[in-house]
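A.B. asks: I'd like to ask some things about the structure below.
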Amino acid sequence: MKAPKALTAEEREKVEAVIGYHFIGKERLDKALTHSSARPAKGSDYERLEFLGDRVLGLCVAEHLFKVFRAATEGELSVRLNQLVSAETCAAVADEIQLHRYIRTGADVKKLTDKNMLNVRADVVESLIAAIYLDAGLEAARAFVLKFWAERASRQDAGRRDAKTELQEWAHAKFAVTPVYRVADRSGPDHDPSFTVTVEIGKLEPETGIDRSKRAAEQAAATRLLEREGVWTRSTASD
């Protein structure tokens, strides 16, 4: 397989502008955005960087939570940390940055399932964090993380449990039934899909969630139903 083309100078500038960091070693940005389906036999891709970025992200978020939520217990901090470093949150950051426009992939990426497409977007964010860390150190990586995670950490719903788990337990306790999720619509290209999912519980009015992955849309639908039924307090933070 031929090595994928490097990002153009214009593409690099667009990515650097939105992330708020300008790379010293431009090749690090290229490596961070190269999916395994596009790599040459001995080339580098973001999977190794993702391994490192996952650890850097966890440290930066844990440190931030420790400083901000001084009265929180270890268990409460862990719930927030797990949510903030989850694939869903990382993928949401990727969507905010619109990294899907710049990830270099091969034809095989079209065969990925919806869940794996979410993981692709999540992993590339972690690889980007690692690339910044290797390029300029922990302070630069921390600045990037805080730019995109600090507000998320402060949201009212940041310490919530997983919405689907919460909804399932509530439905079992109140109605002795299991929530049913259905994909009502899928639109958009393979690299940037949009899913509309409905969730039904017995005779209750269904709720709908829309997101760029089936999994995230299910979470959105579950969240809306929990808030509508008063199980959760509606978050006043904007998404």
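Heads up, the Cβ atoms here are built off N, Cα and C, so glycines get one too.
Keep in mind the model is a prediction, meaning the values are calculated, not measured.
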A.B. asks: Please pick, from GLU50, GLU63, GLU74, GLU200, the residue that Swiss-Prot records in the Mg(2+) site together with ASP123, GLU126.
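C.D. replies: Only hit among GLU50, GLU63, GLU74, GLU200 in Swiss-Prot's Mg(2+) site, alongside ASP123, GLU126: GLU50.
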A.B. asks: Which three-state DSSP class does GLU126 (active site) fall into?
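C.D. replies: Going by the DSSP assignment, GLU126 (active site) falls within a helical segment, counted as helix.
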A.B. asks: Give the distance between the Cα atoms of GLU50 (Mg(2+) binding site) and GLU126 (active site), rounded to the nearest whole Å.
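C.D. replies: That separation, Cα to Cα, works out to 5 Å.
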A.B. asks: Any idea which of the recorded positions ASP54, ASP123 has the thinnest Cβ neighbourhood at 10 Å?
C.D. replies: ASP54
